[in-house]
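Only one structure is covered here, and it is reproduced in the block below.
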Amino acid sequence: MQALTPHVYWAQRHGEIFLRVEISDAQNISIGVEENILHFKGQGHGAKGENEYEFSLEFLKPVKPEVKHKSTQRQVNITVRKQEHVWWDRLTKQEKKPLFLAPDFDRWLDESDAEMELREKEEKINKVSIESRVRKDPFLGLKKGFLFMYNLVQFLGYSWIFVNMTVRLFILGQDSFYDTFHTIADVMYFCQMLAIMEVINPAVGLVKTGVMPAFIQVMGRNFILFVIFGTLEDMQNKPVVFFVFYLWSMIEIFRYPFYMLACIDTEWKLLTWLRYTIWIPLYPLGVIAEAVAVIQSIPIFDETKLLSISLPKAIGASLSFSYILQLYLVIMFLGLFINFRHLFKQRSRRFRTKKRKAN
């Protein structure tokens, strides 16, 4: 058969040269480096059909004689290691590029991109090395199991609340607004008391989230639930209870399953997007509903003197709890700002990391 020259595509890194020879089903391959010249010979199906193909390349700078190659059904991949980790201006010693040679754009990187890739590889190696030296936590499985069960219980609790309220809304319409507390309160009490674990978990190092954002959210909700709704019977029949409970549950039915899957190193892209997006409209709406509840409770606390602080008889008055509620309204919206900023940072960091991994 007539010896022909195949199409050859090349790319480089600081320490390696990559060649892709366009010969499919290659056989009888012979590859070697002598006096800095790569010689290739092989039989297969190339640009000129089934033939014997060969070529030679004299490299710009010294390379190591060892050559690695891998033949596939479509091509032959060759890797040649440079003697020095330097970037070459071109592949061959002769300035004029051979006609059969072209850049491999599938693997092509310019020098700065190659340096970045090299740094990322070094960082990954260093990270693995450090992780291998760090003593593994013998209780890691137990911790993940506990967190998984906690998030599962909370997910089931809030799912029951959400489904129950939704079904009642479709069946009873607006009438369901007025008895929400008596129907849902027991399960909501359970979920919110259990939610105190979300302050304890980061405090003892079970999770890496901040303690303060969790404290603000959990204590704020428990104040509304136990103090505003729990102590005032007149508040328990108001429609605002429905909106507060419904908004809370809508957020949590996406948050808790996301954390459950994280415990078993699993991710659903849609769930991740919902967890980091749906709170943007729902969280402020929830705070507004809580603020409405506080405002509606102020006249009731003034009238009943409930939780008011008695002052000495010489003063002849008492400190109404409504003053504390007015202060709480200010703290509530300050907490909204702090938590909103924290959650936006979490969201930006999450999607920036995903984008970097995708690239």
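Using N, Cα and C of the backbone, Cβ positions are placed for all residues, glycine too.
Remark: secondary structure over the domain 'CS' (3-92) totals 0 helix, 62 strand, 28 coil, with classes taken from DSSP. The domain 'CS' feature in TrEMBL is assigned to 3-92.
Same-chain residues lying 6 or more positions outside the transmembrane segment (145-167) and placing a CB less than 8 Å from one of its CB atoms are 176, 180, 183-184, 187-188, 190-191, 194-195, 197, 201, 206-207, 242, 245-246, 248-250, 252-253, 256-257, 259-260, 263-264. Taken from TrEMBL, the feature transmembrane segment applies to 145-167 (among others).
As annotated by TrEMBL, transmembrane segment applies to 187-207 (among others). Sequence-distant neighbours of the transmembrane segment (187-207) (same chain, 6+ residues past either end, Cβ-Cβ under 8 Å): 143, 146-147, 150, 153-154, 157-158, 160-161, 214-215, 217-219, 221-222, 225-226, 245, 248, 252.
Taken from TrEMBL, the feature transmembrane segment covers 214-232 (among others).
The transmembrane segment feature in TrEMBL is assigned to 244-264 (among others). Same-chain neighbours of the transmembrane segment (244-264): 144-145, 147-148, 151-152, 154-155, 158-159, 161-162, 165, 180, 184, 188, 191, 221, 224, 271-272, 274-275, 278-279, 282-283, 285-286, 289-290, 293, counting only residues six or more beyond its ends whose CB sits under 8 Å from a CB of the stretch.
Within the same chain, residues 220-221, 224, 228-229, 232, 234-235, 238, 240-241, 243-244, 247-248, 250-251, 254-255, 307-308, 320-322, 325-326, 328-329, 332-333, 336, 339-340, 343, 346-347, 350-351 sit at least 6 positions outside the transmembrane segment (276-301) and bring their C-beta atoms closer than 8 Å to a C-beta of that stretch. Residues or ranges marked as transmembrane segment in TrEMBL: 276-301 (among others).
According to TrEMBL, the transmembrane segment annotation covers 321-344 (among others).
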